[in-house]
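Taken from TrEMBL, the feature domain 'C2H2-type' applies to 9-36, 37-64, 65-92, 93-120, 121-148.
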Amino acid sequence: RTHTGEKPYKCTQCDKAFSQNGNLINHKRTHTGEKPYKRNQCDKSFSRNDRLIKHKRTHTGEKPYKCNQCDKAFSQKTTLIKHQRTHTGEKPHQCSQCDKAFSRKDALIIHKSMHSVEKPYQCNQCEKVFSKTGALIIHQITHTMKKPCQC
């Protein structure tokens, strides 16, 4: 089903569908609030076993995910993947409104909010617009600065 995209397991409380029944069972817990995986040492409980395992590492300090480029290690695989992008320069999170790309999704989300900010201050010498008058004033200096001689 992974390759076909078939998702026969449907949630009766929302419009989500899943390719595996186990994923549906985990999802249903978001509606019920059920957290059957408990950690007795700190009274924390989780809806999924993998989240309990990740949590246990905060107590044990276990870091099984090691970077093959440097000596850093991580408790979560996703954190290792994000770290490895510092070595590769990979930026998989592309802004749909401009040509900027980011290595982390949270950085893209912060960046995208910039596009929705109102920009009422337009430069009278070019098409650039700004959300703050201070930024416009700083920009306008680029138009008035003396350019070096092009002889």
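From the backbone N, Cα and C atoms, a Cβ is placed for every residue, glycine too.
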Folded-back contacts onto the domain 'C2H2-type' (121-148), same chain, C-beta under 8 angstroms, at least six residues removed: none
Folded-back contacts onto the domain 'C2H2-type' (9-36), same chain, C-beta under 8 angstroms, at least six residues removed: 1-2, 45-48
Helix, strand and coil residues within the domain 'C2H2-type' (37-64) as assigned by DSSP: 12 helix, 6 strand, 10 coil
Within-chain partners of the domain 'C2H2-type' (37-64) [C-beta distance under 8 Å, separation at least 6 from its ends]: 26, 29-30, 73-76
DSSP-assigned states of the domain 'C2H2-type' (93-120) in counts, ordered helix, strand, coil: 12 helix, 4 strand, 12 coil
